[in-house]
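Taken from Swiss-Prot, the feature ATP binding site covers Lys12, Leu13, Ser14, Gly15, Gly55, Arg59, Tyr168, Asp171, and the record attributes it to sequence analysis. What Swiss-Prot lists as UMP binding site is Gly54, Asp74, Thr135, Gly136, Asn137, Pro138, Tyr139, Phe140, Ser141, Thr142, and the listing cites sequence analysis. Look at Swiss-Prot and you will find 20-25 tagged as region 'Involved in allosteric activation by GTP', backed by sequence analysis.
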Amino acid sequence: METPRYRRVILKLSGEALAGSQGFGIAHEMLVTVAEQVVEIQKLGVEVALVVGGGNIWRGIAGSKQGMDRANADYMGMLATVMNALALQDAMEKAGAATRVLSAIEMRQVAEPYIRRRAIRHLEKGRVVIFAAGTGNPYFSTDTTAALRAAEIEAEAILMAKRVDGVYDSDPLKNPEAKKYDRLTFLDVLSQGLGVMDSTAASLCMDNNIPLIVFDLNKKGNIRKGIMGESIGTYVGRDK
């Protein structure tokens, strides 16, 4: 049996990734894709936690640009992540994985409150943990949530699922001449303003030496390849 390179990981899913080709809402086929791949790596003994965004339902920044109070708009975005988390939980359990949703905003009827020790214990018991409601604070992205939770649960890497197969110097969906990077440092990301994650999240990963693997979610088997240490997408670390 092959030995995974990483034993405990955070899988970061954007809301847009869950929307699939429809661009809005939750695409059932994307839920199934994620669930099947997570169950696959669980069978290798990997402990998996997910952080999910809410951009397929609501984006706080977009709301604030329309004149909404930024904090209120961000709280709406956090609630959107809870909806995505519950959809993922349903798909995971149908695929055979024991799952717990932990919310940074308390809502006991649908999720457990986020407690660091409880999250770690769930992982140790072989459950998939889904972190919902971001950090529970406005002005912080779900990328920052992924970096923060990874540091808290001592995850060995963050796997960042995207609609493109890595990090480029410009948007490959708009520029066919965009150059793809195979390896980057967090300083590269910060100094060049590459759109991998926001600066708060990148700094947190760099300070805590948490590597980032950016990959295409639509290619089946990519999560397993990333866990095994195979070269997929773009690797971002403290050093190249």
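The backbone N, Cα and C atoms fix where each Cβ goes, glycine too.
Known features from Swiss-Prot, placed on the structure.
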residue: Lys12; record: ATP binding site; contacts (Cβ under 8 Å, 6+ apart): Leu50, Val51, Gly53, Thr142, Asp143, Ala146, Ile158, Leu159, Met160, Ala161
residue: Leu13; record: ATP binding site; contacts (Cβ under 8 Å, 6+ apart): Val34, Leu50, Val51, Val52, Gly53, Asn84, Leu88, Ala161, Leu217
residue: Gly15; record: ATP binding site; contacts (Cβ under 8 Å, 6+ apart): Val52, Gly53, Gly54, Gly55, Asn56, Ile57, Ala80, Thr81, Asn84
residue: Arg59; record: ATP binding site; contacts (Cβ under 8 Å, 6+ apart): Gly77
residue: Thr135; record: UMP binding site; contacts (Cβ under 8 Å, 6+ apart): Ala104, Thr144, Thr145, Leu148
residue: Tyr139; record: UMP binding site; contacts (Cβ under 8 Å, 6+ apart): Arg70, Ala71, Asp74
residue: Ser141; record: UMP binding site; contacts (Cβ under 8 Å, 6+ apart): Gly134, Met197, Asp198, Thr200, Ala201
residue: Tyr168; record: ATP binding site; contacts (Cβ under 8 Å, 6+ apart): Asn175, Ala178, Lys179, Lys180, Tyr181
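Looking at Gly54, Gly55, the binding-site residues in this record, the fewest other C-beta atoms within 10 angstroms of the C-beta turn up around Gly55. In three-state terms derived from DSSP, Gly15 (ATP binding site) belongs to a helical segment. Remark: Ser14 (ATP binding site) has Gly53, Gly55, Thr142, Ala161, Lys162 as non-local neighbours, by Cβ distance under 8 Å and separation of at least 6 in sequence. Taking the Cβ of Asn137 (UMP binding site) as centre and 10 Å as the limit, one finds 15 other Cβ atoms among all the protein chains shown.
A straight line from the CA of Asn137 (UMP binding site) to the CA of Asp171 (ATP binding site) spans 29 Å.
In the three-state DSSP scheme, Gly54 (UMP binding site) is classed as coil.
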